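Notes to accompany the following structure.
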Ligand SMILES: NC(=O)C1=CN([C@@H]2O[C@H](COP(=O)(O)OP(=O)(O)OC[C@H]3O[C@@H](n4cnc5c(N)ncnc54)[C@H](OP(=O)(O)O)[C@@H]3O)[C@@H](O)[C@H]2O)C=CC1
Ligand SMILES: C[C@H]1O[C@H](OP(=O)(O)OP(=O)(O)OC[C@H]2O[C@@H](n3cnc4c(=O)[nH]c(N)nc43)[C@H](O)[C@@H]2O)[C@@H](O)[C@@H](O)C1=O
């Protein structure tokens, strides 16, 4: 059942876990732009959320009324495939500590962020929320996905046992300012921005992307996601997690051409098929979100241009 919890109090203490990251920084920005005066965050150096005692101390000290859980160990296909132990263990610990501490303090509204990788590798497209746990996961990110699925279940359990209106959202692949542009650990879109930009800078006419280029992904700008997060906190109250995306996708090969055009790269592109393709297609069914009246506003090409401009402004200092 969906009810409407209503507008957020802009003076309430609002903890954005992961406020230094791609998603958390956008959410914090968006909240401040909307007049929230008590948005708090801690970097992992200040507060390691894997540390249960430190997490509980932080909640006792800060007493947030609202929480968005955007702190997680996050990475692209290769980082996930190479480090399943960390992606499972760190994420289980981070989210369990935050959700348990939030429960102890009866946080009034909480949004847990998962990811579209929770769905079966061969889920029917576009992927509806009910596809969860209907088939085997994609092996390159199954550890991360299992942690995220546990988070969804913890939110549902709190709703059932304690009646708090907590919710979980599953965003599609995201991008935007503050992304991770590491050549090895990042997602595809920032990786391509950096690769093509490096090629232009060094007058190279040769770049190598990963996989076959045939997988399809949808890409949502993180400012659109932040907007959706606030809408969901104000107007979504249901056990079922909710997809957040465009409902439209592109092939990785098409994305490569779009990035090359934005960056001004005119050389050749090769594909290293020894690298994993991952899930063949991941496009979300966003009917549930659309019925709340929400639509994304930033088309991929415009989002790519502004993200590239951000990258250029911060070039030489990518996060990882
Ligand atoms: N990026 C994407 O394409 C997608 C992301 N999501 C979800 O959105 C959420 C945020 O992802 P995103 O912003 O991209 O990730 P980032 O890697 O950009 O940011 C991760 C954030 O988590 C914090 N963090 C990591 N480990 C710890 C720790 N041990 N203790 C405290 N804080 C920690 C980081 O803090 P610090 O910087 O201080 O280390 C940082 O603020 C995740 O739940 C992810 O699953 C969902 C779908 C797609
Ligand atoms: C958000 C989501 O992100 C991950 O899953 P993914 O969707 O597979 O994301 P990806 O962006 O890493 O790759 C998408 C596609 O792009 C191809 N590709 C080409 N060239 C590069 C490249 O240079 N880097 C990367 N990373 N991929 C490349 C790559 O081979 C693949 O076919 C998981 O962390 C998962 O857990 C998760 O939640």
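Yeah, the Cβs are placed from backbone N, Cα and C, and that goes for glycine too.
Please treat TrEMBL annotations as automatic predictions, because they have not gone through curation.
Per TrEMBL, these features apply:
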type     : residues                          : note
DOMAIN   : 15-245                            : domain 'NAD-dependent epimerase/dehydratase'
BINDING  : 18-24, 113-116, 148, 171-174, 187 : NADP(+) binding site
SITE     : 115                               : site 'Important for catalytic activity'
SITE     : 117                               : site 'Important for catalytic activity'
ACT_SITE : 144                               : active site, proton donor/acceptor
BINDING  : 195, 210, 217, 277                : substrate binding site
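Sequence features annotated in TrEMBL and their locations in the structure.
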{"residue": "18", "record": "NADP(+) binding site", "DSSP class": "coil"}
{"residue": "24", "record": "NADP(+) binding site", "DSSP class": "helix"}
{"residue": "115", "record": "NADP(+) binding site", "DSSP class": "coil"}
{"residue": "144", "record": "active site, proton donor/acceptor", "DSSP class": "helix"}
{"residue": "171", "record": "NADP(+) binding site", "DSSP class": "strand"}
{"residue": "195", "record": "substrate binding site", "DSSP class": "helix"}
{"residue": "277", "record": "substrate binding site", "DSSP class": "coil"}
When distances run from the Cα of residue 174 (NADP(+) binding site) to each of the recorded positions 117, 195, 210, 217, the nearest one: 217
Nearest of the recorded positions (18, 21, 115, 117, 171) to residue 277 (substrate binding site), judged by Cα-Cα distance: 117
Substrate binding residues 195, 210, 217, 277: largest Cα-Cα distance, in Å and rounded to whole number: 19
Residue 210 (substrate binding site) - helix vs strand vs coil (DSSP): strand
Other CB atoms within 10 A, centred on residue 171 (NADP(+) binding site): 22
Residue 144 (active site, proton donor/acceptor) and residue 18 (NADP(+) binding site), distance between Cα atoms, whole Å: 17
Nearest of the binding-site residues (115, 171, 210, 217) to residue 144 (active site, proton donor/acceptor) - Cα to Cα: 115
Number of Cβ atoms other than its own within 10 Å, given for residue 115 (NADP(+) binding site): 20
Integer Å distance between the CA atoms belonging to residue 117 (site 'Important for catalytic activity') and residue 171 (NADP(+) binding site): 9
Reported mean pLDDT - the domain 'NAD-dependent epimerase/dehydratase' (15-245): 98
